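Over in TrEMBL, the protein carries these features:
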TRANSMEM  70-88  transmembrane segment
TRANSMEM  95-118  transmembrane segment
TRANSMEM  138-163  transmembrane segment
TRANSMEM  184-203  transmembrane segment
TRANSMEM  209-230  transmembrane segment
TRANSMEM  329-348  transmembrane segment
TRANSMEM  368-388  transmembrane segment
TRANSMEM  409-426  transmembrane segment
TRANSMEM  458-478  transmembrane segment
TRANSMEM  490-514  transmembrane segment
TRANSMEM  534-552  transmembrane segment
Amino acid sequence: MEGPLAADEDRDMEEPLLSNSDRKEGLRALPFIIANGALEKLASQGLSPSMILYLTRVYGMNSANASNVIFLWSAASNFTPIICAFLADSYFGRFRMIAAGCIISCLGMFVLWLTAMIPQARPFCDGAICDTPSIAQLLLLYSSYALMSIGSGCLQSSNLAFGADQLHRKNKSNSGILDRYFDLYYVSSASGSLIGVSCIVYIQDRMGWRVGFGVPVALMLLSTVIFLLASPLYLKPMPSSSWCAGLVQVFVAAYKKRHMQVSSTGTSEMYHHKNGSPLAMPSDKLRFLNKACIIRNSEDELASDGRASNPWILCTVEQVEDLKTLIRIMALWSTGILVCAALSQPFYVLQVASMDRHLTPTFEIPAGSFGAVFVVSLILWIMLYDRLILPLVSSCRGKPTRLSGKTRMGIGILLCTFSLAVTAVVESNRRALAIKEGFSDDPAAVVNMSAFWTLPRYILLGMAEAFNVIGQIEFFYYELPKAMSSVATSLFGLSMSVGNLTASFIMTTVDNFTKAAGVKSWVSSNINQGHSDYYYWLLFGLVFANFLYFLACSRSYGPSKEEARGGSNAEDDLNNVN
(Lines of atoms letter the chains of each structure in order from A and count residues from 1; the text may use other names and numbers.)
(Lines give C-alpha, C1' and ligand atoms only; values in the text may rest on other atoms or scores of the structure.)
Protein backbone atom coordinates (compact mmCIF):
# COMPACT_ATOMS: atom_id res chain seq x y z
CA MET A 1 0.00 0.00 0.00
CA GLU A 2 1.36 3.40 -0.95
CA GLY A 3 1.30 6.58 1.08
CA PRO A 4 1.28 6.79 4.89
CA LEU A 5 -0.32 3.42 5.45
CA ALA A 6 2.18 1.66 3.23
CA ALA A 7 5.06 3.49 4.83
CA ASP A 8 3.91 2.33 8.23
CA GLU A 9 3.71 -1.27 7.07
CA ASP A 10 7.16 -1.16 5.50
CA ARG A 11 8.59 0.33 8.63
CA ASP A 12 6.98 -2.42 10.70
CA MET A 13 8.59 -5.09 8.55
CA GLU A 14 12.01 -3.52 8.71
CA GLU A 15 11.99 -2.62 12.39
CA PRO A 16 13.94 -5.14 14.45
CA LEU A 17 12.95 -6.60 17.76
CA LEU A 18 13.62 -4.40 20.74
CA SER A 19 16.85 -5.19 22.46
CA ASN A 20 16.77 -6.82 25.87
CA SER A 21 17.74 -3.56 27.55
CA ASP A 22 14.97 -1.69 25.74
CA ARG A 23 12.42 -4.32 26.68
CA LYS A 24 13.52 -4.20 30.31
CA GLU A 25 13.20 -0.42 30.39
CA GLY A 26 9.77 -0.69 28.77
CA LEU A 27 8.50 -3.13 31.39
CA ARG A 28 9.80 -0.88 34.16
CA ALA A 29 7.85 2.03 32.69
CA LEU A 30 4.48 0.25 32.52
CA PRO A 31 3.49 0.72 36.20
CA PHE A 32 3.85 4.48 35.82
CA ILE A 33 1.65 4.52 32.71
CA ILE A 34 -0.99 2.29 34.30
CA ALA A 35 -0.97 4.38 37.48
CA ASN A 36 -1.34 7.54 35.42
CA GLY A 37 -4.42 6.15 33.64
CA ALA A 38 -6.01 4.77 36.83
CA LEU A 39 -5.53 8.01 38.79
CA GLU A 40 -6.92 10.06 35.90
CA LYS A 41 -10.03 7.85 35.84
CA LEU A 42 -10.32 8.10 39.62
CA ALA A 43 -10.20 11.90 39.49
CA SER A 44 -12.44 12.45 36.45
CA GLN A 45 -15.06 9.84 37.31
CA GLY A 46 -15.28 11.26 40.82
CA LEU A 47 -16.48 14.58 39.37
CA SER A 48 -19.15 13.61 36.86
CA PRO A 49 -21.81 11.67 38.89
CA SER A 50 -22.73 14.54 41.23
CA MET A 51 -22.19 17.36 38.75
CA ILE A 52 -25.91 17.76 38.08
CA LEU A 53 -26.43 18.34 41.82
CA TYR A 54 -23.69 20.98 41.82
CA LEU A 55 -25.24 22.83 38.87
CA THR A 56 -28.81 22.72 40.21
CA ARG A 57 -28.04 23.46 43.87
CA VAL A 58 -25.05 25.81 43.62
CA TYR A 59 -25.63 27.53 40.26
CA GLY A 60 -29.43 27.42 40.41
CA MET A 61 -29.83 25.85 36.96
CA ASN A 62 -32.99 23.95 36.16
CA SER A 63 -32.64 20.24 35.56
CA ALA A 64 -32.97 20.44 31.77
CA ASN A 65 -30.30 23.14 31.38
CA ALA A 66 -27.96 21.41 33.83
CA SER A 67 -28.39 18.11 31.96
CA ASN A 68 -27.61 19.82 28.65
CA VAL A 69 -24.42 21.32 30.07
CA ILE A 70 -23.32 17.86 31.22
CA PHE A 71 -24.28 16.34 27.86
CA LEU A 72 -22.15 18.88 26.00
CA TRP A 73 -19.24 18.41 28.41
CA SER A 74 -19.38 14.65 27.95
CA ALA A 75 -19.73 15.03 24.17
CA ALA A 76 -16.63 17.21 24.01
CA SER A 77 -14.69 14.78 26.22
CA ASN A 78 -15.53 11.90 23.88
CA PHE A 79 -14.88 13.79 20.65
CA THR A 80 -11.49 15.31 21.49
CA PRO A 81 -9.68 11.89 21.56
CA ILE A 82 -10.19 11.61 17.79
CA ILE A 83 -8.49 14.94 17.17
CA CYS A 84 -5.78 14.27 19.74
CA ALA A 85 -5.05 10.82 18.26
CA PHE A 86 -4.44 12.39 14.86
CA LEU A 87 -2.18 15.06 16.36
CA ALA A 88 -0.24 12.52 18.43
CA ASP A 89 0.32 10.18 15.48
CA SER A 90 1.22 12.88 12.98
CA TYR A 91 2.94 15.69 14.85
CA PHE A 92 3.59 15.55 18.60
CA GLY A 93 4.00 11.92 19.62
CA ARG A 94 2.19 10.12 22.42
CA PHE A 95 4.49 11.12 25.29
CA ARG A 96 4.02 14.83 24.68
CA MET A 97 0.29 14.35 24.18
CA ILE A 98 -0.09 12.53 27.52
CA ALA A 99 2.07 15.08 29.34
CA ALA A 100 -0.01 17.92 27.90
CA GLY A 101 -3.22 16.08 28.78
CA CYS A 102 -2.15 15.63 32.41
CA ILE A 103 -1.31 19.31 32.82
CA ILE A 104 -4.45 20.57 31.05
CA SER A 105 -6.73 18.19 33.00
CA CYS A 106 -5.15 19.24 36.27
CA LEU A 107 -5.63 22.90 35.35
CA GLY A 108 -9.29 22.30 34.45
CA MET A 109 -9.99 20.54 37.75
CA PHE A 110 -8.22 23.36 39.60
CA VAL A 111 -10.46 25.96 37.92
CA LEU A 112 -13.54 23.92 38.88
CA TRP A 113 -12.26 23.75 42.46
CA LEU A 114 -11.93 27.56 42.45
CA THR A 115 -15.66 27.87 41.68
CA ALA A 116 -16.33 26.06 44.97
CA MET A 117 -13.61 27.87 46.97
CA ILE A 118 -14.24 31.49 45.93
CA PRO A 119 -17.76 32.79 46.80
CA GLN A 120 -17.60 35.45 44.08
CA ALA A 121 -16.96 32.73 41.46
CA ARG A 122 -20.49 31.36 41.84
CA PRO A 123 -23.96 32.90 42.26
CA PHE A 124 -25.27 33.79 45.70
CA CYS A 125 -27.75 31.27 47.09
CA ASP A 126 -30.19 31.73 49.96
CA GLY A 127 -31.25 28.23 50.77
CA ALA A 128 -32.82 26.72 47.65
CA ILE A 129 -33.10 30.13 45.92
CA CYS A 130 -30.04 31.17 43.85
CA ASP A 131 -29.29 34.32 41.90
CA THR A 132 -28.84 34.00 38.18
CA PRO A 133 -25.14 33.33 37.49
CA SER A 134 -23.29 36.15 35.75
CA ILE A 135 -21.58 35.76 32.41
CA ALA A 136 -18.16 35.85 34.11
CA GLN A 137 -19.20 33.10 36.55
CA LEU A 138 -20.48 30.89 33.74
CA LEU A 139 -17.35 31.51 31.66
CA LEU A 140 -15.18 30.38 34.57
CA LEU A 141 -17.31 27.26 35.04
CA TYR A 142 -17.42 26.41 31.33
CA SER A 143 -13.69 27.02 30.92
CA SER A 144 -13.05 24.31 33.51
CA TYR A 145 -15.19 21.89 31.49
CA ALA A 146 -13.38 22.84 28.27
CA LEU A 147 -9.95 22.31 29.82
CA MET A 148 -10.96 18.96 31.30
CA SER A 149 -12.39 17.84 27.93
CA ILE A 150 -9.19 18.73 26.10
CA GLY A 151 -7.03 17.08 28.74
CA SER A 152 -9.17 13.96 28.76
CA GLY A 153 -8.95 13.75 24.97
CA CYS A 154 -5.17 13.93 25.06
CA LEU A 155 -4.99 11.16 27.66
CA GLN A 156 -7.61 8.81 26.21
CA SER A 157 -6.11 9.00 22.74
CA SER A 158 -2.56 8.07 23.75
CA ASN A 159 -2.28 6.47 27.19
CA LEU A 160 -3.14 2.87 26.29
CA ALA A 161 -1.16 2.92 23.03
CA PHE A 162 1.86 4.50 24.73
CA GLY A 163 1.98 1.59 27.16
CA ALA A 164 1.95 -0.83 24.22
CA ASP A 165 4.87 1.13 22.72
CA GLN A 166 6.94 0.17 25.75
CA LEU A 167 6.60 -3.53 24.90
CA HIS A 168 7.15 -3.46 21.18
CA ARG A 169 6.67 -1.39 18.09
CA LYS A 170 4.00 -3.34 16.26
CA ASN A 171 6.07 -6.49 16.80
CA LYS A 172 3.88 -9.51 17.29
CA SER A 173 6.43 -11.48 19.28
CA ASN A 174 5.21 -9.82 22.45
CA SER A 175 1.50 -10.40 21.83
CA GLY A 176 1.12 -12.46 25.04
CA ILE A 177 2.59 -9.66 27.13
CA LEU A 178 0.39 -7.17 25.31
CA ASP A 179 -2.77 -9.15 26.14
CA ARG A 180 -1.86 -9.14 29.82
CA TYR A 181 -1.06 -5.44 29.66
CA PHE A 182 -4.43 -4.63 28.08
CA ASP A 183 -6.27 -6.69 30.72
CA LEU A 184 -4.35 -5.00 33.54
CA TYR A 185 -4.89 -1.55 32.07
CA TYR A 186 -8.66 -1.96 31.72
CA VAL A 187 -9.02 -3.52 35.18
CA SER A 188 -7.05 -0.69 36.78
CA SER A 189 -9.04 1.95 34.88
CA ALA A 190 -12.34 0.33 35.85
CA SER A 191 -11.16 0.12 39.47
CA GLY A 192 -10.29 3.80 39.37
CA SER A 193 -13.74 4.61 38.02
CA LEU A 194 -15.37 2.46 40.69
CA ILE A 195 -13.51 4.19 43.52
CA GLY A 196 -14.25 7.57 41.97
CA VAL A 197 -18.03 7.11 41.76
CA SER A 198 -18.14 5.72 45.29
CA CYS A 199 -15.48 7.25 47.56
CA ILE A 200 -15.03 10.70 45.98
CA VAL A 201 -18.79 11.13 45.57
CA TYR A 202 -19.16 10.19 49.23
CA ILE A 203 -16.61 12.87 50.16
CA GLN A 204 -18.55 15.44 48.14
CA ASP A 205 -21.78 14.44 49.87
CA ARG A 206 -20.35 14.47 53.41
CA MET A 207 -17.64 17.14 53.33
CA GLY A 208 -18.98 19.52 50.71
CA TRP A 209 -17.85 20.71 47.33
CA ARG A 210 -14.64 22.39 48.49
CA VAL A 211 -13.12 19.15 49.75
CA GLY A 212 -14.97 17.05 47.18
CA PHE A 213 -13.49 19.02 44.25
CA GLY A 214 -10.11 19.45 45.92
CA VAL A 215 -9.43 15.70 46.15
CA PRO A 216 -9.59 15.15 42.34
CA VAL A 217 -7.18 18.08 41.86
CA ALA A 218 -4.70 16.41 44.23
CA LEU A 219 -5.14 13.03 42.50
CA MET A 220 -4.63 14.54 39.04
CA LEU A 221 -1.54 16.38 40.25
CA LEU A 222 -0.19 13.10 41.65
CA SER A 223 -0.95 11.39 38.32
CA THR A 224 0.98 14.09 36.44
CA VAL A 225 3.99 13.89 38.73
CA ILE A 226 4.13 10.09 38.56
CA PHE A 227 4.03 10.11 34.77
CA LEU A 228 6.66 12.83 34.30
CA LEU A 229 9.07 11.39 36.90
CA ALA A 230 9.38 8.20 34.83
CA SER A 231 10.25 10.11 31.65
CA PRO A 232 13.80 8.68 31.40
CA LEU A 233 12.38 5.13 31.36
CA TYR A 234 9.98 5.61 28.45
CA LEU A 235 10.51 4.49 24.87
CA LYS A 236 9.25 7.45 22.85
CA PRO A 237 8.49 6.57 19.21
CA MET A 238 8.61 9.46 16.79
CA PRO A 239 5.30 10.55 15.24
CA SER A 240 4.49 9.43 11.72
CA SER A 241 1.71 9.97 9.22
CA SER A 242 -1.56 8.51 10.45
CA TRP A 243 -4.32 6.54 8.78
CA CYS A 244 -6.37 9.70 8.53
CA ALA A 245 -4.10 11.18 5.86
CA GLY A 246 -4.44 8.06 3.69
CA LEU A 247 -8.25 8.25 3.81
CA VAL A 248 -8.33 11.95 3.00
CA GLN A 249 -6.02 11.32 0.04
CA VAL A 250 -8.63 8.99 -1.49
CA PHE A 251 -11.33 11.67 -1.27
CA VAL A 252 -9.02 14.32 -2.73
CA ALA A 253 -7.78 12.10 -5.56
CA ALA A 254 -11.32 10.97 -6.45
CA TYR A 255 -12.52 14.58 -6.46
CA LYS A 256 -9.70 15.70 -8.74
CA LYS A 257 -10.63 12.93 -11.18
CA ARG A 258 -14.39 13.45 -10.88
CA HIS A 259 -14.81 14.20 -14.58
CA MET A 260 -12.94 11.07 -15.68
CA GLN A 261 -14.95 8.46 -17.53
CA VAL A 262 -14.54 5.00 -15.99
CA SER A 263 -14.84 1.95 -18.21
CA SER A 264 -17.11 -0.81 -16.94
CA THR A 265 -14.67 -3.41 -18.28
CA GLY A 266 -11.45 -2.32 -16.62
CA THR A 267 -8.42 -4.50 -16.06
CA SER A 268 -6.03 -4.71 -13.13
CA GLU A 269 -3.35 -2.88 -15.12
CA MET A 270 -5.33 0.36 -15.08
CA TYR A 271 -5.37 0.42 -11.26
CA HIS A 272 -2.52 1.26 -8.90
CA HIS A 273 -1.95 -1.38 -6.23
CA LYS A 274 0.76 -2.78 -4.06
CA ASN A 275 2.79 -5.58 -5.64
CA GLY A 276 1.61 -9.00 -4.50
CA SER A 277 -1.66 -7.63 -3.15
CA PRO A 278 -4.75 -9.82 -3.69
CA LEU A 279 -6.75 -6.64 -4.28
CA ALA A 280 -5.81 -6.10 -7.90
CA MET A 281 -9.08 -4.34 -8.70
CA PRO A 282 -11.49 -2.30 -6.54
CA SER A 283 -15.00 -3.50 -5.77
CA ASP A 284 -18.11 -2.20 -7.54
CA LYS A 285 -19.51 -0.63 -4.37
CA LEU A 286 -19.12 3.16 -4.10
CA ARG A 287 -17.62 3.15 -7.59
CA PHE A 288 -17.01 6.92 -7.63
CA LEU A 289 -14.09 6.34 -5.24
CA ASN A 290 -12.45 3.95 -7.72
CA LYS A 291 -11.24 6.91 -9.74
CA ALA A 292 -8.70 7.63 -6.99
CA CYS A 293 -6.66 4.53 -7.90
CA ILE A 294 -6.91 4.75 -11.71
CA ILE A 295 -3.58 5.39 -13.48
CA ARG A 296 -4.08 8.02 -16.16
CA ASN A 297 -0.43 8.45 -17.15
CA SER A 298 2.12 6.06 -15.66
CA GLU A 299 5.09 8.26 -16.59
CA ASP A 300 3.70 11.28 -14.74
CA GLU A 301 2.01 9.56 -11.80
CA LEU A 302 4.43 6.73 -10.93
CA ALA A 303 7.98 7.04 -9.58
CA SER A 304 10.82 4.74 -10.61
CA ASP A 305 10.20 2.43 -7.64
CA GLY A 306 6.53 1.98 -8.56
CA ARG A 307 5.15 4.25 -5.84
CA ALA A 308 2.82 7.14 -6.58
CA SER A 309 4.66 10.37 -7.35
CA ASN A 310 1.86 12.32 -5.66
CA PRO A 311 -0.37 10.35 -3.26
CA TRP A 312 -2.94 13.16 -3.38
CA ILE A 313 -3.55 12.38 -7.06
CA LEU A 314 -3.04 8.61 -7.21
CA CYS A 315 -3.91 6.17 -4.41
CA THR A 316 -3.78 2.39 -4.20
CA VAL A 317 -6.66 -0.05 -4.48
CA GLU A 318 -6.02 -0.93 -0.82
CA GLN A 319 -6.52 2.66 0.31
CA VAL A 320 -9.76 2.90 -1.67
CA GLU A 321 -11.11 -0.35 -0.22
CA ASP A 322 -10.10 0.70 3.30
CA LEU A 323 -12.18 3.85 2.95
CA LYS A 324 -15.11 1.88 1.50
CA THR A 325 -15.04 -0.45 4.49
CA LEU A 326 -15.09 2.49 6.88
CA ILE A 327 -18.05 4.04 5.07
CA ARG A 328 -19.88 0.72 4.92
CA ILE A 329 -19.80 0.12 8.66
CA MET A 330 -21.11 3.59 9.53
CA ALA A 331 -24.75 2.43 9.37
CA LEU A 332 -24.10 -0.15 12.09
CA TRP A 333 -21.99 2.38 13.98
CA SER A 334 -24.97 4.75 14.06
CA THR A 335 -27.05 2.17 15.96
CA GLY A 336 -24.89 2.78 19.04
CA ILE A 337 -25.73 6.49 19.27
CA LEU A 338 -29.04 6.12 21.13
CA VAL A 339 -27.49 3.49 23.43
CA CYS A 340 -24.84 6.02 24.41
CA ALA A 341 -27.57 8.64 24.87
CA ALA A 342 -29.39 6.33 27.28
CA LEU A 343 -26.20 5.48 29.18
CA SER A 344 -25.33 9.14 29.77
CA GLN A 345 -28.59 10.38 31.35
CA PRO A 346 -27.73 12.60 34.39
CA PHE A 347 -31.45 12.60 35.29
CA TYR A 348 -30.91 9.18 36.88
CA VAL A 349 -29.13 10.85 39.81
CA LEU A 350 -32.07 13.19 40.53
CA GLN A 351 -34.39 10.19 40.79
CA VAL A 352 -32.09 8.40 43.23
CA ALA A 353 -31.58 11.59 45.29
CA SER A 354 -35.33 11.78 45.99
CA MET A 355 -35.50 8.21 47.37
CA ASP A 356 -34.47 6.60 50.64
CA ARG A 357 -30.76 5.74 50.27
CA HIS A 358 -30.09 4.38 53.78
CA LEU A 359 -28.12 1.17 53.86
CA THR A 360 -28.34 1.14 57.66
CA PRO A 361 -30.24 3.50 59.98
CA THR A 362 -27.10 5.67 60.28
CA PHE A 363 -25.41 5.24 56.88
CA GLU A 364 -26.83 6.84 53.74
CA ILE A 365 -25.32 6.16 50.30
CA PRO A 366 -24.75 9.32 48.19
CA ALA A 367 -27.00 9.49 45.14
CA GLY A 368 -24.04 9.71 42.75
CA SER A 369 -22.47 6.56 44.20
CA PHE A 370 -25.27 4.35 42.88
CA GLY A 371 -23.44 4.55 39.55
CA ALA A 372 -20.85 2.23 41.11
CA VAL A 373 -23.35 -0.60 40.63
CA PHE A 374 -23.17 0.07 36.89
CA VAL A 375 -19.37 -0.32 36.90
CA VAL A 376 -19.50 -3.45 39.08
CA SER A 377 -22.14 -4.98 36.81
CA LEU A 378 -19.97 -4.22 33.77
CA ILE A 379 -16.84 -5.80 35.29
CA LEU A 380 -18.63 -8.86 36.69
CA TRP A 381 -20.50 -9.57 33.47
CA ILE A 382 -17.32 -9.39 31.39
CA MET A 383 -15.63 -11.84 33.77
CA LEU A 384 -18.62 -14.20 33.85
CA TYR A 385 -19.05 -14.09 30.08
CA ASP A 386 -15.41 -14.82 29.29
CA ARG A 387 -14.54 -17.17 32.14
CA LEU A 388 -17.75 -19.07 32.88
CA ILE A 389 -20.58 -18.73 30.34
CA LEU A 390 -18.63 -19.25 27.11
CA PRO A 391 -16.57 -22.21 28.42
CA LEU A 392 -19.74 -23.81 29.81
CA VAL A 393 -21.72 -23.38 26.56
CA SER A 394 -18.76 -24.60 24.51
CA SER A 395 -18.50 -27.68 26.73
CA CYS A 396 -22.21 -28.44 26.36
CA ARG A 397 -22.13 -28.04 22.58
CA GLY A 398 -18.86 -29.90 22.18
CA LYS A 399 -17.27 -27.16 20.09
CA PRO A 400 -15.97 -23.62 20.62
CA THR A 401 -18.88 -21.20 20.86
CA ARG A 402 -18.90 -17.43 20.97
CA LEU A 403 -21.04 -14.48 19.96
CA SER A 404 -19.82 -12.26 17.16
CA GLY A 405 -19.32 -8.57 17.76
CA LYS A 406 -22.40 -7.75 15.65
CA THR A 407 -24.59 -10.08 17.68
CA ARG A 408 -23.34 -8.61 20.95
CA MET A 409 -24.19 -5.14 19.68
CA GLY A 410 -27.81 -6.19 19.13
CA ILE A 411 -28.11 -7.85 22.55
CA GLY A 412 -26.73 -4.69 24.16
CA ILE A 413 -29.36 -2.52 22.47
CA LEU A 414 -32.11 -4.88 23.63
CA LEU A 415 -30.83 -4.82 27.23
CA CYS A 416 -30.78 -1.03 27.07
CA THR A 417 -34.50 -0.98 26.20
CA PHE A 418 -35.22 -3.22 29.20
CA SER A 419 -33.32 -0.87 31.52
CA LEU A 420 -35.34 2.12 30.31
CA ALA A 421 -38.62 0.24 30.82
CA VAL A 422 -37.58 -0.62 34.39
CA THR A 423 -36.57 3.01 35.01
CA ALA A 424 -39.93 4.29 33.76
CA VAL A 425 -41.92 1.88 35.94
CA VAL A 426 -39.88 2.75 39.06
CA GLU A 427 -40.22 6.48 38.39
CA SER A 428 -43.97 6.21 37.88
CA ASN A 429 -44.34 4.54 41.29
CA ARG A 430 -41.93 6.99 42.96
CA ARG A 431 -43.78 10.03 41.61
CA ALA A 432 -47.19 8.64 42.64
CA LEU A 433 -45.86 8.02 46.16
CA ALA A 434 -44.36 11.51 46.38
CA ILE A 435 -47.73 13.08 45.49
CA LYS A 436 -49.52 10.80 47.96
CA GLU A 437 -47.12 11.86 50.73
CA GLY A 438 -47.70 15.55 49.96
CA PHE A 439 -44.32 16.34 48.38
CA SER A 440 -45.61 17.79 45.11
CA ASP A 441 -44.09 21.21 45.79
CA ASP A 442 -40.92 19.96 47.50
CA PRO A 443 -38.39 18.58 44.99
CA ALA A 444 -35.81 18.08 47.77
CA ALA A 445 -38.09 15.79 49.76
CA VAL A 446 -37.21 12.11 50.18
CA VAL A 447 -40.08 9.71 49.58
CA ASN A 448 -40.59 6.55 51.60
CA MET A 449 -39.31 4.30 48.83
CA SER A 450 -35.98 2.52 48.79
CA ALA A 451 -33.47 3.74 46.20
CA PHE A 452 -32.41 0.13 45.81
CA TRP A 453 -35.36 -0.29 43.44
CA THR A 454 -33.12 1.49 40.91
CA LEU A 455 -30.42 -1.20 41.09
CA PRO A 456 -31.95 -3.33 38.29
CA ARG A 457 -31.55 -0.34 35.99
CA TYR A 458 -27.85 0.01 36.74
CA ILE A 459 -27.31 -3.74 36.44
CA LEU A 460 -29.04 -3.85 33.04
CA LEU A 461 -27.15 -0.76 31.85
CA GLY A 462 -23.86 -2.35 32.88
CA MET A 463 -24.72 -5.49 30.94
CA ALA A 464 -25.86 -3.38 27.98
CA GLU A 465 -22.51 -1.60 27.83
CA ALA A 466 -20.61 -4.87 28.27
CA PHE A 467 -22.41 -6.29 25.24
CA ASN A 468 -22.87 -3.28 22.97
CA VAL A 469 -19.72 -1.27 23.55
CA ILE A 470 -17.28 -4.18 23.59
CA GLY A 471 -19.20 -5.70 20.69
CA GLN A 472 -18.76 -2.47 18.72
CA ILE A 473 -15.02 -2.37 19.30
CA GLU A 474 -14.66 -6.06 18.43
CA PHE A 475 -16.77 -5.70 15.26
CA PHE A 476 -14.89 -2.64 14.05
CA TYR A 477 -11.55 -4.28 14.81
CA TYR A 478 -12.35 -7.36 12.70
CA GLU A 479 -13.95 -5.45 9.83
CA LEU A 480 -11.43 -2.65 9.40
CA PRO A 481 -7.95 -3.33 7.97
CA LYS A 482 -5.12 -3.93 10.40
CA ALA A 483 -3.53 -0.59 9.48
CA MET A 484 -6.74 1.09 10.69
CA SER A 485 -7.12 -0.80 13.98
CA SER A 486 -6.83 2.44 15.97
CA VAL A 487 -10.03 3.61 14.27
CA ALA A 488 -12.00 0.96 16.17
CA THR A 489 -11.56 2.63 19.54
CA SER A 490 -11.97 6.09 18.03
CA LEU A 491 -15.35 5.16 16.52
CA PHE A 492 -16.80 4.28 19.91
CA GLY A 493 -15.59 7.60 21.33
CA LEU A 494 -17.29 9.33 18.42
CA SER A 495 -20.55 7.48 19.09
CA MET A 496 -20.38 8.58 22.74
CA SER A 497 -19.90 12.17 21.63
CA VAL A 498 -22.78 12.09 19.15
CA GLY A 499 -24.86 10.19 21.72
CA ASN A 500 -24.44 12.97 24.26
CA LEU A 501 -25.38 15.60 21.69
CA THR A 502 -28.43 13.52 20.75
CA ALA A 503 -29.42 13.19 24.41
CA SER A 504 -29.13 16.96 24.79
CA PHE A 505 -31.30 17.50 21.69
CA ILE A 506 -33.96 15.07 22.93
CA MET A 507 -34.11 16.65 26.38
CA THR A 508 -34.29 20.20 25.00
CA THR A 509 -37.00 19.20 22.54
CA VAL A 510 -39.05 17.46 25.23
CA ASP A 511 -38.66 20.43 27.58
CA ASN A 512 -39.71 23.01 24.96
CA PHE A 513 -42.53 20.89 23.48
CA THR A 514 -44.19 20.08 26.81
CA LYS A 515 -43.95 23.70 27.97
CA ALA A 516 -45.47 24.88 24.68
CA ALA A 517 -48.33 22.42 25.20
CA GLY A 518 -49.27 24.30 28.36
CA VAL A 519 -48.36 21.54 30.81
CA LYS A 520 -45.56 21.12 33.31
CA SER A 521 -42.31 20.15 31.63
CA TRP A 522 -41.68 16.42 31.70
CA VAL A 523 -38.09 17.20 32.72
CA SER A 524 -38.92 19.86 35.28
CA SER A 525 -36.46 20.63 38.08
CA ASN A 526 -39.23 19.51 40.40
CA ILE A 527 -39.38 15.87 39.39
CA ASN A 528 -42.46 15.39 41.59
CA GLN A 529 -44.43 17.78 39.35
CA GLY A 530 -42.77 16.80 36.10
CA HIS A 531 -43.20 13.52 34.27
CA SER A 532 -39.75 12.04 33.87
CA ASP A 533 -41.47 8.64 33.67
CA TYR A 534 -42.98 9.77 30.35
CA TYR A 535 -39.52 10.93 29.30
CA TYR A 536 -38.10 7.46 30.06
CA TRP A 537 -40.91 5.80 28.10
CA LEU A 538 -40.06 8.06 25.17
CA LEU A 539 -36.44 6.95 25.35
CA PHE A 540 -37.62 3.35 25.56
CA GLY A 541 -39.59 3.77 22.33
CA LEU A 542 -36.67 5.42 20.55
CA VAL A 543 -34.16 2.76 21.61
CA PHE A 544 -36.55 -0.07 20.70
CA ALA A 545 -37.03 1.49 17.25
CA ASN A 546 -33.25 1.69 17.11
CA PHE A 547 -33.10 -2.06 17.76
CA LEU A 548 -35.35 -2.67 14.74
CA TYR A 549 -33.10 -0.35 12.74
CA PHE A 550 -30.11 -2.40 13.88
CA LEU A 551 -31.72 -5.60 12.63
CA ALA A 552 -32.31 -4.00 9.22
CA CYS A 553 -28.71 -2.72 9.05
CA SER A 554 -27.38 -6.10 10.16
CA ARG A 555 -29.28 -7.94 7.45
CA SER A 556 -28.26 -5.39 4.82
CA TYR A 557 -24.61 -5.61 5.86
CA GLY A 558 -24.55 -9.36 5.55
CA PRO A 559 -22.13 -11.71 7.34
CA SER A 560 -19.18 -10.02 8.99
CA LYS A 561 -15.65 -11.33 8.49
CA GLU A 562 -15.84 -12.95 11.90
CA GLU A 563 -19.10 -14.73 11.06
CA ALA A 564 -17.80 -15.79 7.66
CA ARG A 565 -15.03 -17.65 9.48
CA GLY A 566 -17.62 -19.40 11.63
CA GLY A 567 -16.96 -17.16 14.62
CA SER A 568 -20.59 -16.78 15.60
CA ASN A 569 -23.08 -19.47 16.47
CA ALA A 570 -25.79 -17.12 17.63
CA GLU A 571 -26.16 -14.66 14.79
CA ASP A 572 -28.95 -16.69 13.23
CA ASP A 573 -30.84 -16.56 16.52
CA LEU A 574 -30.69 -12.78 16.53
CA ASN A 575 -31.62 -12.45 12.87
CA ASN A 576 -34.64 -14.68 13.45
CA VAL A 577 -36.15 -11.79 15.41
CA ASN A 578 -36.21 -9.88 12.13
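Placement of Cβ uses the backbone N, Cα and C atoms for every residue, glycine included.
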For the transmembrane segment (138-163), out of 70-88, 209-230, 329-348, most C-beta pairs under 8 A are with 70-88
May I ask for the residues of the chain that lie six or more residues beyond the transmembrane segment (458-478) and have a Cβ under 8 Å from a Cβ within it?
329, 332-333, 336, 339, 342-343, 370-371, 373-378, 380-382, 385, 403-409, 411-413, 415-416, 418-419, 422, 485, 487-489, 491-492, 495, 560-562
Under 8 Å, at least three CB pairs between the transmembrane segment (95-118) and the transmembrane segment (209-230) (pairs 6 or more apart)?
yes
Honestly, do the transmembrane segment (70-88) and the transmembrane segment (490-514) touch, with at least three Cβ pairs under 8 Å and pairs 6 or more apart in sequence?
yes
Can you say which of 184-203, 209-230, 329-348, 409-426 has the most Cβ pairs under 8 Å with the transmembrane segment (368-388)?
184-203
